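Some features that TrEMBL has for this protein:
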type     : residues : note
TRANSMEM : 36-57    : transmembrane segment
DOMAIN   : 97-287   : domain 'ABC transmembrane type-1'
TRANSMEM : 101-123  : transmembrane segment
TRANSMEM : 132-155  : transmembrane segment
TRANSMEM : 161-182  : transmembrane segment
TRANSMEM : 220-241  : transmembrane segment
TRANSMEM : 266-286  : transmembrane segment
Amino acid sequence: MSLSPRVVPAALAGAALETSRRSDKRRRRPLRGSDVVRHLFLLVGAVVALFPFYWMFVLSTQPSSVIYQYPPALTPGDRLGANVSAIMEKVNIFGAMSNTIIVAVSVTFLVLLISSLAAFAFAKFDFPGKTVLFGVVLATFLLPSQLATIPQFLLMSQLGWVGQLKALVFPVLASAFGVFWLRQYSTSAIPKELLEAATIDGCGFWRQYIHVCLPTIRPALAFLGMFTFIGSWNDFMWPLIVLNDPSRLTLQVALSQLKTAHGTDYGMLMASSLIAVIPLLAIFAIGAKQFMSGITEGAVKG
């Protein structure tokens, strides 16, 4: 028994219509009380997260006389250009930003390179003292970073690097967090069989690292790279200690000079904060997908 050619299309059309009706019913599901509460909670969270940035922008457009008023002005003023011009007169903002970009990019690249190499070795290769060495790396988490400030400064002084940008780069290249994070990710993300197959095909360590390891751990690298870049961009204490040449100051140190013993112009200070935070927001907006992927996949794989 065979179906007529007209019967099959009619049956398919009927099934498609029924599926469409069911989908419409699901879409028209009445809004429940729990949905309202959840959306209100998310809305409040979004407002709480975004309001500080809006408030910083509002203050950056106001003179100090308006900032001190009560109740405060909640709408932007017209002093943003004047505040930015005043900042540029007092601080070499473009030179400081260039120095910060050089340091942050250098630190991020070298931390990713060194951490990924060490993590790949710890995760997929056996060598004498591996467990002890990895334990030493983890033990450095117990030490506050401020503990190394004086030894690092003495070392930079003996090397003649005080006042130079490389004094901001080399002391932070060995990232214990970076090694731990990428090692945990690589352990479960890179199958041992894949490395064995690569070895059989004649791939040495470097080809395995470049063609197998790096593409596999890309989300974790994106998270670590953004985390490292933001930390280097916002670093203040170590650059303040080791830099003594005004032409080599980083952005955070240069902007700190806006605060004087005679008082602080908060409109100008907020405008400088806006200048400092805009590049970070732009980077996060561009890499948010990889950043969140690195966090979620790392949490599952780790």
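Note: Cβ is positioned from N, Cα and C throughout, glycine not excepted.
All annotation found in TrEMBL is predicted automatically rather than curated by experts.
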Stretch contact, the transmembrane segment (36-57) with the transmembrane segment (220-241), Cβ-Cβ under 8 Å, 3+ pairs: no
Close approaches to the transmembrane segment (266-286) from elsewhere in its chain (Cβ under 8 angstroms; 6 or more beyond its ends): 53, 56-57, 59-64, 66-67, 79-80, 83-84, 86-87, 91, 93, 97, 226, 229-230, 233-234, 251-252, 255, 258-259
Residues from the same chain, set at least six apart from the ends of the transmembrane segment (220-241), whose C-beta lies under 8 A from its own: 100, 103-105, 107-108, 111-112, 115-116, 146, 149, 152-153, 168, 171-172, 175, 178, 181-182, 185-186, 189, 214, 249-253, 256, 276, 279-280, 283-284, 287, 290-291, 293-295, 297-298
